[in-house]
Amino acid sequence: MDTRVLRLTLALVALSGVLADSESCSSAIVNDYKLKQKEIQHLVDTINKPVYPDFKDTRGIIDESKLKGLGTLPRREVFSLFDERNWAEAAKVVELLLEPKTFREFIHLADIIHHRVNEDLFLYALSVAIAHRPDCQGVQVPRVLDIYPDKFLRKEVIHKIKEVSNEGAYLDKVPVIDATEVSDNHLDPNQELLYFLEDLGMNSHHHHWHVIHPAIWLPKHGGVKDRKGELFFYMHKQMVARYDTERLSNDLPRVRPFENWNDPIDEGYSPHLIIDKTGYKYAYRPQGVIVHDLPNLPKTKMFEWKNRIMVGIRKGSLISANKTQVPLNNDHGIDLLGDVVESSLLSVNRVFYGNLHCYAHVIAGKVTDPQSTYGEKNGAMYDVATSARDPLFYSWHKFIDNIFQEHKETLQPYNKDELNFPDVQVDSLRINVANGTYENIVRTYWQNSLFKIAKGFTFTTEGSVLVKVKHLNHETFYYNLEVTNNALEEKHGVVRIFGAVINDERGHPYILNDQRHLVIELDKFTVNLKPGKNSVRQPCYNSAVTAKYDVFYGDVESQKPQEGCNCGWPDYMLLPKGKYEGLRFRVFAIVTNHDEDKVSDQETCLCGDAVAYCGAHNQKYPDKKPMGFPFDRRIDERTFEHFHTPNMIATDVIIKFTGEFLPPKGDI
């Protein structure tokens, strides 16, 4: 049967992981986006590069009163979206950059602001503006990897680049710096996880997620961010579940939540990061340090905020700023709670519930010098671009997720009617690799890739360089389902694919309610089901949770305008590493009723390739079901076999890590 992926509506396009075709999107993407891209690139080119003598100050060109309040955060410091003290200035810059009526006025104003504010803050605010201005549709949001490679590559690698640059050995070939040879430190308990923690694409995704879902966003900036709070909950929950799965792949126990701020922090961490232009060195955190009060933030305030949120969850309602009760025990409760816990400016009562998530990043980032007694810089947890490198990130976010799970526990488990899709039965699910030689076995391996760093940084004074980095990858595979439609008419379905490790760190199989906390989303796509038997085949590279390889390693010029948000889990990390002997992994497929699940018939053309984690940009989230359905609520049945309805199926897969190294794509 022809199971063509539906591409006529927003939900169809986004959920299938397939972008709308260029002809249908031509009206949404500005015609001159390539020219605008060059102007944006020129604007950001000196953010992290030396400003040369030909720089011309733009003071006096516009009304200075418009710029009042700018420059609060000193230049050469790291801007943190987590630090609320930076919010007023960042929000003002965003508002100023959204205000101009034309692109030319926007660029002119941005050029003026650029030299008045902190460089890092400017990049963030500019990125938010580009992502949300109508005249920038199709223009790439500046890739943080390109602007700040020294936030993603260890100082040892930057030093090697600088050595080659100083030699001037650029002749007729771009030099390749091998970042895979950075010496191992087997005393570090996180050594086995650095491929995940320090992955360029994963950390870039986290940064850009916070660009398109800024905590400082308000409806007056250009509309409501649909289900933003729920997206905060779900995307970060998925990051923790993926990290736990990588730990189990390496025979390490799952991460423990950091929930008592009077206890020593188990995880020590050294970022090995220095911003070369400014000399900003991200602080090292020894194992066993204890979080201390900050000058304006005592730990008791964090306990108070957490307890107030927990009281609201147990009562089933929050107290709004105008003292009314806001119910939580409904479909929108998780969204409201996400805004409160993050806490974004959309929180129902920021004064009362505080800023639990963000300020925990701040207090953790300043843990080695909380009073600034010794002039130490902040740690990786302070910066959105670097925080996911730190193992503490996952301990902290597991604590945050436990708060959300307290809310989910108050909701009734799904009943069979809510789970079932009448007349639809999933008969089989097989996972096949591209060459078709074996079934339900997928192999993973190391992939070497080349990351290009442009000329002009303090460490690339003579020309551009290529850096060879190592990351995880997997062979191409397909989901093959046999689905029976017992009705006499065609049905439209949404196929939801999840996966979870089967055994815990002791080798014992999980009961389903415990296993659901480790479930990672793999894909979500739509199908037409004709009456009778249907064969459904979906490739892994069309996943609705991932961004393509080129989003991270390709040239900006080669990216499609529809991929301009740079948000999405790296496609090469869709699966966990697995084990040499094979990791037992269960893949679940659930087919639900698309006619009930779809939100609208509006087509999406921008940033639609990772909609499950990143949402549909400037539009409604294209799925009415709660994120993570049906694993988002308590499951009383001990096994999937007792839980499932006819429209669900599970199959066991072996993920085998080969240890092989594949060479970089293309010529060196």
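Each residue, glycine too, has its Cβ placed from N, Cα and C.
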(request) Could you tell me which of CYS567, CYS605, CYS607 is bonded to CYS614 by a disulfide, according to Swiss-Prot? (result) CYS567
(message) Tell me which residue from ASN322, ASN435 Swiss-Prot records as N-linked glycosylation site.
(response) ASN322
(message) If I go by Swiss-Prot, which of HIS186, HIS221, HIS236 binds Cu cation A at the same site as HIS206, HIS210?
(response) HIS236
(request) With HIS357, HIS361 listed by Swiss-Prot as binding Cu cation B, identify the candidate in HIS332, HIS397 belonging to that site. (result) HIS397
(request) Out of HIS210, HIS236, ASN322, HIS361, CYS567, give me whichever of these recorded positions has the highest number of other Cβ atoms within 10 Å. (result) CYS567
(request) Calculate the distance in Å between the alpha carbons (Cα) of CYS614 (disulfide bond) and HIS210 (Cu cation A binding site), and round it to a whole number. (result) 10
(request) Name the one residue among HIS206, HIS357, HIS397 whose Cα is closest in three-dimensional space to that of CYS567 (disulfide bond); these are the binding-site residues. (result) HIS206
(message) On a C-alpha basis, identify the one among ASN322, HIS357, HIS361, HIS397 that is nearest to HIS236 (Cu cation A binding site); the candidates are the recorded positions.
(response) HIS397
(message) What whole-number Å value do you get for the CA-CA distance of HIS206 (Cu cation A binding site) and HIS361 (Cu cation B binding site)?
(response) 14
(message) Counting only residues 6+ away in sequence within the same chain, which have a CB under 8 Å from the CB of HIS357 (Cu cation B binding site)?
(response) VAL341, GLU342, SER343, ILE400
(request) Could you round the CA separation between HIS210 (Cu cation A binding site) and HIS397 (Cu cation B binding site) to a whole angstrom and send it over? (result) 15
